[in-house]
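Right, one structure below, let's go through it.
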Amino acid sequence: MWIRKTRGWEMKESLATPESVFRNRRRFLAGAAGAMFAPALLACEKKAAAEGDATPDPSAGLYPVKRNPKYTLDRDLTAEADATTYNNYYEFGTSKDIYDAAQALPIRPWTITIDGLVAKPQTIDIDALLKAMPLEERLYRHRCVEAWSMAVPWSGFPLSALVKMAEPQSGAKFLRFETFMNADVAPGQSDPLYPWPYIEGLTLAEATNDLAFVATGIYGKAMPKQNGAPFRLALPWKYGFKSAKAIQRITFTDEQPVGLWQALQSSEYGFYANVNPAFAHPRWSQESERVLGSGERVPTKIFNGYGEFVASLYPDLNDRNYFY
Ligand SMILES: Nc1nc2c(c(=O)[nH]1)N[C@H]1C(S)=C(S)[C@@H](COP(=O)(O)O)O[C@H]1N2
Ligand SMILES: [Mo]
């Protein structure tokens, strides 16, 4: 969102590289290298493969899963090649082109630790969790705070099923989500500018809302690393930064968690971060969004079009607190 080449993490939304530009650049580089430097490219590829973690994903056979027809789109699905190569994942770099770098993340073994104010604190292996949870597919829109958007088929399970399994105590008001910490494979985590690990939070009411979804797959397959394997959130009524990737720990607490972006710049990134075109980001308008793939600009809707599910959670539509 915010590149150091300008000032700190600041970047103008309009300077973001459109996905087609760097996809063409990647293709060009591959083509040129293929023609002229084939042996060198081969060596490079071998090096990349050695550096990446190539362990096969044991959950691959679980997908595709049955689509839940309740969640429908008002637009075309984003092409898989766009949604899986244009990513925000600051652990692996500040550009959108972190696809290769993210392959270095080992996603097995992987456990999710549930702790804090719950009757059933536990650490559960991701594959055991996937077997215990009701997997389904949902078509969701996704709206990044940078004013680009996509529409994708996630696979996963309702976050409410996990909350139920944890049995929250009466004092639990919030969920705090914590992502992995491993600077050996995630070069971005060596950047002292960012308060790693990536943290995000929800109220208990938000976490048990029907829309709150744990995504473990996409396009009928296990989740690719660059999209947040093996466990990420999909919260389509909120700006994309709330949907934390590669989560390892969920703490039930009575204190409102402070997210990584909020800790960096609390005047621009708040706790609720619900989509609302009426409240501009301090450095750009949120009135419209650029659709990933087509590049078309379309108007942004309040709650990203999901008001029928979530509007009742937020009593005052004029309170900016809910909308940044
Ligand atoms: N751990 C982690 N989760 C993250 C981010 C990140 O940098 N690190 N970026 C967020 C932002 S800003 C967006 S828009 C989405 C992007 O998800 P996608 O790459 O699957 O489109 O991931 C969110 N989750
Ligand atoms: Mo984002």
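Cβ coordinates come from backbone N, Cα and C, glycine included.
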TrEMBL annotation, Mo-molybdopterin site containing N87, Y90, E91, C144, N227, R232, S243, A244, K245 - matching residue among T179, T300: T179
Under 8 Å by Cβ from N87 (Mo-molybdopterin binding site), counting only residues of that chain that are 6 or more apart: K96, I98, Y99, A102, Q226, N227
Most distant Cα pair in Å, residues N87, Y90, E91, C144, T179, N227, R232, S243, A244, K245 binding Mo-molybdopterin: 19
Cβ-Cβ neighbours of R232 (Mo-molybdopterin binding site) (radius 10 Å): 22
Close in space, distant in sequence - A244 (Mo-molybdopterin binding site), Cβ under 8 Å, 6 or more apart: F177, T179, Y198, I199, E200, G228, R232, L233
Number of other Cβ atoms within 10 Å of the Cβ of E91 (Mo-molybdopterin binding site) across all protein chains: 25
Average pLDDT across the domain 'Oxidoreductase molybdopterin-binding' (108-261), rounded to a whole number: 98
